[in-house]
Amino acid sequence: MKLNEKPTALIMIFGATGDLAKRKLFPSLYRLYKKGKLSERFAVIGIARRPLSNDEFQANVKNSVESAIKDSGELEDFVSHFYYHSHDVTDASSYLALKSMAEELDTHYSLEGNRIFYLAMAPEFFGTIAEHLKADGLTDVDGFKRLVIEKPFGHDLESAKQLNKQIRKAFSENEIYRIDHYLGKEMVQNIEVIRFANAIFEPLWNNRYISNIQVTSSEVLGVEERGRYYEKSGALRDMVQNHMLQMVALLAMEPPIRLTTDEIRSEKVKVLRAMRPLEGEQVKEYFVRGQYGKGSMSGKEVQAYREEPMVDEQSNTETYVAGKLMIDNFRWAGVPIYIRTGKRMAAKSTKIVIQFKDIPMNLYYQTEQTLNPNLLVIHIQPEEGITLYLNAQKSGQNMEATPVKLNFANKGIDGMNTPEAYERLLYDCMRGDATNFTHWDEVALSWSFVDKISDVWESTKEDGFPNYESGTMGPREADQLLEKDGFFWWPVTDLDVEEC
Ligand SMILES: NC(=O)C1=CN([C@@H]2O[C@H](COP(=O)(O)OP(=O)(O)OC[C@H]3O[C@@H](n4cnc5c(N)ncnc54)[C@H](OP(=O)(O)O)[C@@H]3O)[C@@H](O)[C@H]2O)C=CC1
Ligand SMILES: O=C1O[C@H](COP(=O)(O)O)[C@@H](O)[C@H](O)[C@H]1O
C-alpha cells in the first residue's frame, strides 16, 4: 500500500474502557482522521465488560480526544464511527454476537472484510481472545486480519513462547503486530536515517572510531498506580527487555540490503544474537539494579517505592537498571554500549550519546590537556533532534580548540508536533507495514538475554535497597560501572557549550 493511501478496516479494541484506549488509542485515531489518513470507510468496535450504550461509548471517546487534543473539531463525524459491545472475553458464548456486529459494520461501511484486533488488555487474556476469534469465525474474512498486541509479551522466555504458540494458532507471524511504542517515536525511527543516509557517519560507525555508546531513558514519574504489575515486572522487564534493547539493535545493526520489514528485522536479530550472554557472577559485573527511596522532586517530597500502593514494603523489585552490553561481532568488538533506565530520576529524558575515540594527539595550544571527545547526541524525548559536539577555534583565540555544538532541533523546523508514537504505529498497522513492530525472534532473543539477569536478581535479595534517592540519576554503582572502564555518563541535560 502506498503512503498516501487511506486504509479501510474494522478495528476491534479489546479493553476499550481502559487507560491505554482512552489516553493513546482514541486520540491517535482522531489525529489520523483529522489528517485525512483514515478514509470514511472505517469503524471501531470497543469491547469491555461494563455495560455501555453506543452513545455513552461515543461520549467517552469524545471526552478522551478533547482532553488529549486542544483544538479538536469534527468530533461528531469521527465518533459516529464508534460502536460498543459489552463482552467478557473469557465468556465463550458472546463472541458470536460480536461476529454478527462485525459483519453488519463490514457491510454498512464497505470495509472489504479487513479486520484489526487490538488487544489493549492485560496480557493474561491475549491467548484466550486469539483462540476464540478463530474458533468463532471472527478471523474468517475476505480481507486482511491483523492482531495488535500490547506489551508485556510474556514474563520470561518460557511464558512468551506459550503465548506465541497460542496466538499463532489463529494468526500467522506476519499478521501479528507486537507493539513497542518506542519504535513509533520519531527520533527512534530517525536512528536508521542518521546512520544510513549520511556519508560522514556510517564509515565511522564501528569499533575503530567509537569508544562507547550510552542510551539513557530516565523518568521523573514513580510507579504511580501500577504497583501490582510493576512488582512482578521491575525495570528490567518493563523497559530493558523491549524499548532499551530495541534502541540498541537499531544503533548496532548492519545496513540492511533493502529497507524492507524482513531485511531490517533480520539485521536487528543478528545484533541480539551477538549480544554477549551473562552468566552467574558476570551479572554483577555488567549490570546494576536500583530502587528509589524517598526524596524531593521539584521541591515536593515524594515517597519511596516501598511505600507506593500495592507494593511490598520489603520489595526487592528494581526501579532502575544500568548495564553494559557487549556486541561480540566484527563491528562492535570492544565497544561497550551502556544503558540505563529508571523511575523517579532527576529528569524525563531519552537520549543516545555516541562518544567517538580521541584523536591520537592534541596539536592545539594547551597540549597537556586532552580535547573534548566528539559526541553525537540523538535526542529522542522530550526534545527531538541531533547535536554534534566538535572542537573548533573560537574567534579571537589563537590556535586554541574549544568545544562547540551543531544543533538540529526536529520540532523547530515547522513548529509542528511530530506524530504520537501510537498514531504512527496504528497507521503502519492499517497499511500493513510491520517494520516498526517486533518480530517473534527479537522478542525471544531479548527474553533469553534478560532472563539470565532476572534469574540472578531474583535469587539474591538486594540488601542495599532503596539505593538511590528520588530526584537523582540513580545509584552510585551505576557511575562506577563506567568509571571502571575509564568513562562517565554524559549528562542528560545539554552540555554548556557554545552553538555554532
Ligand atoms: N496504559 C498505558 O499507558 C500502557 C498500557 N500498556 C498495556 O496495554 C494493556 C492495557 O493497559 P491499560 O489500558 O492500562 O489497562 P486498564 O486496566 O486501564 O484497562 C483494562 C481494560 O480491559 C477491560 N477488561 C478487563 N477484564 C476484561 C474481561 N474479562 N473482558 C473484557 N474486558 C475486560 C477493562 O474494562 P472492563 O473493566 O469494563 O471490563 C478495561 O477496558 C496492558 O497490556 C498494558 O500492559 C502498554 C503500554 C502503556
Ligand atoms: O512501556 C513503558 O514505557 C513508559 C515510558 O514511556 P515513554 O514513552 O514515556 O518514555 C514507562 O513509564 C512504563 O513503565 C513502561 O511500561
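Note that Cβ sites are derived from N, Cα and C of the backbone, with glycine treated the same way.
Look at TrEMBL and you will find His243 tagged as active site, proton acceptor. DSSP gives His243 (active site, proton acceptor) a helix state.
For Gly15 (NADP(+) binding site), other Cβ atoms within 10 Å of its Cβ number 22. A coil conformation is recorded for Gly15 (NADP(+) binding site) in the three-state DSSP classification, outside any helix or strand. Residues or ranges marked as NADP(+) binding site by TrEMBL: Gly15, Ala16, Thr17, Gly18, Asp19, Leu20, Ala21, Lys22, Arg49, Asp88, Val89, Lys151.
Lys348 (substrate binding site) falls within neither a helix nor a strand when secondary structure is assigned with DSSP, and so counts as coil. The feature substrate binding site is assigned by TrEMBL to His181, Lys185, Glu219, Asp238, Lys343, Lys348.
Here TrEMBL flags 12-190 as domain 'Glucose-6-phosphate dehydrogenase NAD-binding'. Here the domain 'Glucose-6-phosphate dehydrogenase NAD-binding' (12-190) returns a mean pLDDT of 95 for the predicted model.
The domain 'Glucose-6-phosphate dehydrogenase C-terminal' annotation in TrEMBL covers 193-490.
Proximity to ligand 1 (Cβ under 6 Å from any of its atoms) holds for these recorded positions out of Thr17, Lys185, His243, Lys343, Lys348: Thr17. The most crowded of the binding-site residues listed here (Asp19, Glu219, Asp238) is Asp238, judged by how many other CB atoms sit within 10 Å of its own CB.
The two recorded residues Gly15 (NADP(+) binding site) and Lys343 (substrate binding site) have their Cα atoms spaced 26 Å from each other. Glu219 (substrate binding site) and His243 (active site, proton acceptor) have their C-alpha atoms 14 Å apart, to the nearest angstrom.
Put plainly, the binding-site residues Arg49, His181, Lys343 were compared by Cβ crowding within 10 Å, and the winner is Lys343. The full span of the recorded NADP(+) binding residues, Gly15, Ala16, Thr17, Gly18, Asp19, Leu20, Ala21, Lys22, Arg49, Asp88, Val89, Lys151, taken as their largest Cα to Cα distance, is 21 Å.
In terms of C-alpha distance, the listed recorded positions Thr17, Asp19, Ala21, Arg49, His243 place His243 closest to Lys348 (substrate binding site).
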